[in-house]
Amino acid sequence: MSENLFSPNWYRVKALRPQLQAHISVQRQDYRGLIWYILDDRITNKTHRFNAVAYQFIGQLDGSKTLEQIWNESCDVLGDFALTQDETISLLAQLHQADLLQSELAPNLTELLQRQDDATKSHWRQRFTNPLALKFGLWDPDAFLQRALPFVRWCFHPAFYFSAVVVIVLGVVLASMHWQAISLYTQQQATDPYSIVYLILLYPIVKFLHELAHGFCARNYDCEVHEMGVSFLLFMPVPFVDVSSVNRLRRNRQRMLVGAAGIFTELFLAAVGLFIWLAAEPGVVKDAGFTLLIIGGVSSLLFNGNPLLKYDGYYILADGLGIPNLFQRSRAYLVFLLQRYTLGLRQTNTPASGPGERPWLFSYGILSVAYRIFLIWFIALLLLDINYYVGVALAAWMLLTQVALPVFKGLTFVISSPQLQANRRRALAATGLSTCGLLAILCWLPLPSYTTTQGVVWIPEESQLRAGANGFISDLYVRPNQPVMADDKILSIADIELVSRTDVLRSQLSELNTQYQSQWGVDRVKTANIKAQMKVLAKEITLNLKRIKAMELNSPHSGQLLLTDGDDLPGRFVRKGEVLGYVLTDAQPLVRVVVSQADAGLMNQNTQSVQVRLSSQAATVHTASLERATPQATVELPSPALAREYGGPIRGHAQANGTVQALEKIFTVDLRLPETASTARIGQRVFVRFDHGAEPLMSQWYRGLRRTFLRRFHA
């Protein structure tokens with residue numbers, strides 16, 4: 001036998017006769033073809049999972065045999081697969097810490113009280129460790145669920161499942177058919193203050209029903225549910241229910257149904273909300289139905305259904321794959337790979353136990369780490385937008401706990417861990433080389449650098465036909481889509497009050513002229529006064545004639561006439577400056593792009609190429625050329641479509657006149673589309689990428705971080 005089979009501390013425990021607590025029950029479960037044993041503590045409502053080797057030892061803890069006898073029998077049965085004495089001691093410590101054991105020794109009351117106090121402190125410490133995900137238990141719903149279950153048991157009948165699935169599928173079909181209307185209504189609701197009221201009122205109700213669905217489904221399988229409360233994810237209240245007792249269920253399908261009950265409920269409510277929105281007349285009911293659709297559809301899929309977050313989707317995935325504790329074991333597997341193949345720690349054991357687990361543990365570990373980094377960065381920026389001091393404090397906390405502490409623990413392990421005593425040099429060399437390689441990639445390896453933004457297909461100002469004054473369109477001299485020449489009269493705008501006022505002024509001027517002629521040479525003072533009045537009237541008449549002339553809209557140059565409303569223009573009231581049409585030439589249209597102040601300098605100094613994608617042909621990339629850039633910053637957006645509320649990149653707010661202004665100063669850049677972009681339509685959204693060549697990631701990150709602080713803190 002190996003020399004590691006025995007332990008110098010074995011004499012301290014070999015004479016003990018421990019046994020499992022009387023309230024512990026054992027469940028046998030199959031995970032990916034391997035048998036595992038679940039020790040179910042009914043008092044604490046906790047479950048503990050052990051493999052067959054460990055349970056071969058645990059199953060004999062009935063108080064009739066000493067540890068020495070049990071260990072010797074295990075060695076006879078399992079041979080080389082038996083636990084070593086050190087592993088046996090560790091297993092006993094784990095069972096003792098979980099309060100699963102009793103022995104012939106008198107219990108140490110002080111120790112028991114201390115362990116209970118430590119467990120309570122650990123429970124609350126876990127809930128307050130992450131200030132972005134606080135949890136507060138408020139209610140033990142088990143008695144209520146037991147009493148109410150008979151009234152809702154019909155919800156778990158296969159006929160109801162089938163009917164609900166039909167409703168959800170029908171909702172998906174209708175949503176795809178009315179997708180454009182849903183998108184437009186979403187944009188309208190984004191600027192409607194009443195939508196916040198509907199959200200505040202309906203969100204807790206939907207989430208409460210979501211958690212009740214979990215609780216009833218767990219109780220339907222005789223699993224106890226003893227905690228329900230509220231958690232604050234990013235300071236947003238989200239109800240939760242503890243259904244960890246479902247781990248004792250033997251069948252994966254049952255555990256998956258409990259995990260999916262909440263999502264299923266929200267999707268059903270979303271479908272009902274869609275039906276209400278489509279059928280109801282505009283008003284409170286229609287808006288409430290749409291809010292129900294958004295809450296049930298978006299939150300259930302993006303948050304609860306996301307397997308990279310430890311919500312319903314994660315537990316469904318873990319049970320579906322048959323890999324319990326997927327999150328912890330995937331992280332442990334990545335650590336195992338680093339220790340085994342980088343640090344040379346050959347004696348470490350892999351967390352992968354079942355067949356086919358390794359690819360899942362590796363891929364989920366990589367994806368969850370990458371997603372966590374992205375989420376931390378996103379949350380930091382979001383909090384910086386809300387409050388400077390809170391944002392900086394929480395960003396520093398996240399960097400400390402998610403970056404600095406893991407790095408410190410890793411370095412401490414490499415430098416001082418007894419496990420690496422035999423190959424410390426290799427571990428230090430591998431760590432040093434890996435660090436140098438990472439720094440080389442970050443600081444020296446040139447990688448593509450680019451900036452993305454959006455714009456709209458734009459017609460130059462000189463080709464736009466704008467109303468010169470307020471008024472009604474009286475005459476249309478050229479039909480739409482017809483060729484016109486320079487200075488051709490296109491339409492005229494009638495301002496009846498202005499014309500009437502001009503006629504009155506002319507009459508007054510004629511009357512004054514008559515008086516002037518009659519008083520000439522008779523009364524010099526009166527004649528001078530009349531002449532002064534005539535000059536004022538003549539000046540006002542001249543100004544009015546210029547205004548009337550401006551109401552005649554002429555073609556600025558030769559081209560093809562395009563009017564916004566075509567034949568419906570006559571009789572329509574227009575405001576001064578309103579775009580009524582365009583005179584298009586053979587030249588390719590422009591794309592007017594909005595650029596933030598932080599990005600303007602980089603694009604003006606170091607832009608090597610510009611690529612654009614039309615929203616109607618997002619898969620096709622066109623190369624555009626820079627036409628001009630505005631030298632001054634402005635807050636006027638070329639189109640409301642470029643505001644963030646309507647899917648654009650710029651934060652803006654609507655004005656009383658229907659326009660949208662940016663909250664921060666922006667610059668505009670005009671790009672000339674190539675001839676290949678012949679399908680471009682005026683006002684169409686365009687996705688733009690400015691390529692700046694290649695530079696190391698560290699330079700790009702530094703510039704991005706600096707831009708962020710310049711924009712958010714005016715640093």
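Cβ from N, Cα, C; glycine included.
TrEMBL labels come from automatic prediction, so no person has curated them.
According to TrEMBL, the protein has these features:
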TRANSMEM  159-181  transmembrane segment
TRANSMEM  193-210  transmembrane segment
DOMAIN    204-359  domain 'Peptidase M50'
TRANSMEM  257-278  transmembrane segment
TRANSMEM  290-309  transmembrane segment
TRANSMEM  361-383  transmembrane segment
TRANSMEM  389-415  transmembrane segment
TRANSMEM  427-447  transmembrane segment
For the transmembrane segment (193-210), the distant same-chain contacts (Cβ-Cβ under 8 Å, at least six residues beyond its ends) come to 237-239, 262-263, 265-266, 269, 287-288, 291-292, 294-296, 300, 304
Within the same chain, where does the transmembrane segment (159-181) have neighbours whose Cβ lies under 8 angstroms from its own Cβ atoms, ignoring anything closer than 6 residues to its ends? I mean 6 or more beyond. 264, 267-268, 270-272, 274-275, 278, 297
Taking only the residues in the domain 'Peptidase M50' (204-359), give me the average pLDDT of this model. 89
